[in-house]
Amino acid sequence: MDTILALKVIIMGIVEGLTEFLPISSTGHLILAGSLLEFTGPKVKVFEIAIQTGAMLAVVWEYRVKIAAVLGGLFTERRAQKFAVNIVVAFLPAALLGLVFAGAIKEKLFAPVPVAIAFIVGGFVILWVERRNKQQVHAERVQSVDEMTLLDAFKVGCAQAFALIPGTSRSGASIIGGMMFGLSRKAATEFSFFLAIPTLMGATVYSVYKDRALLSMADIPLFGLGGLAAFFSAFLCVRWLLRYISTHDFTFFAYYRIGFGLFVLLSAHYGWVVWAE
C-alpha cells in the first residue's frame, strides 16, 4: 500500500467514524469524499461498507457493560430478553429490504447528485420532526430503551429502512423515526446506537461475501487501516453526541444537511467541483 493510498484510506475511515452516528449520512459523505479523492470503483464500494465494522466496534466498546448484561441474561432475565428481541425486530425491515434492493440501490443511487437530494429531503424532515415535538407537550412517551415495546422497535426498524437510500442516514432515520413515534431524544439515540451493531455487521458480511471475487488477501491491510481510523473517530463522536443531545436538538444537523446538499447540487451543475462517479 503506497503512502497516498494509505492517506486516502485513513481519511475515508475518519469520515466514516465521524458521520456514522450523526444524522447526516455516513454513506453519503463517503461517496462524496471518495469522489473528491478519486477513490472510487466496485472494490471501494465494498470498502465503504466494510469499514463500518470499525464504527460498530466503537459502540460495542462504549456500551460493553450493557451489552454484557444483555448477553448474560438472555436465558434468565426478562428485561434482557425483551431488549434483545426489540433489536432483532428493529433490524429485520432494513435487512430484508436490503437483500432485495441492495444491488439496484448500489448501481443507481451511489452517486453525488442522488445523495445531495437525500441530504436536503432528510434535513427538512428533521426540521419538521423537531418542530412537531416541541409543539406536542407529551410527545416523549418512552424515556429509556428498556421501556420500548415490540411495536416501538418495529416502527423504528421501518424508519431505519429508509436509510437504504444513500444520503438519508441510518442513524438519522432511526433517531428521528424514534422521536416521531414517541421516544425521547436520548432513548432514540441510544437505541440507534445498539441497532447499529447488527445492521452494520450484517451489511458488512453481506457485501464482502457478495463481492468476494473482487477482493484478495492484499486488501486486508487496506480494510484494517480504514476500520481502525473509523473506530477511533466513531468512539470520540459517540461520546460527544451523548453530551450534545443533553442540551441541544438536531436542528443544526438539519441545516447542515440542507446547506451541504445544495452546495453539492450547485457545484455539480456549475462545475465548481468535478464529482467522480
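We number each residue from 1, going along the chain as drawn.
Each Cβ is built from the backbone N, Cα and C atoms, and glycine gets one as well.
As recorded in Swiss-Prot, the features of this protein are as follows:
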TRANSMEM  85-105  transmembrane segment
TRANSMEM  109-129  transmembrane segment
TRANSMEM  188-208  transmembrane segment
TRANSMEM  218-238  transmembrane segment
TRANSMEM  256-276  transmembrane segment
When counting Cβ pairs under 8 Å to the transmembrane segment (256-276), the leader among 85-105, 109-129, 218-238: 109-129
Cβ-Cβ under 8 Å with the transmembrane segment (188-208): same-chain residues at least 6 beyond its ends: 20-21, 45-46, 49-50, 52-53, 55-56, 59-60, 62-63, 67, 86-88, 90-91, 94-95, 98-99, 102, 145, 148, 153, 156-157, 160, 170-171, 174-179, 215, 238, 241-242, 245
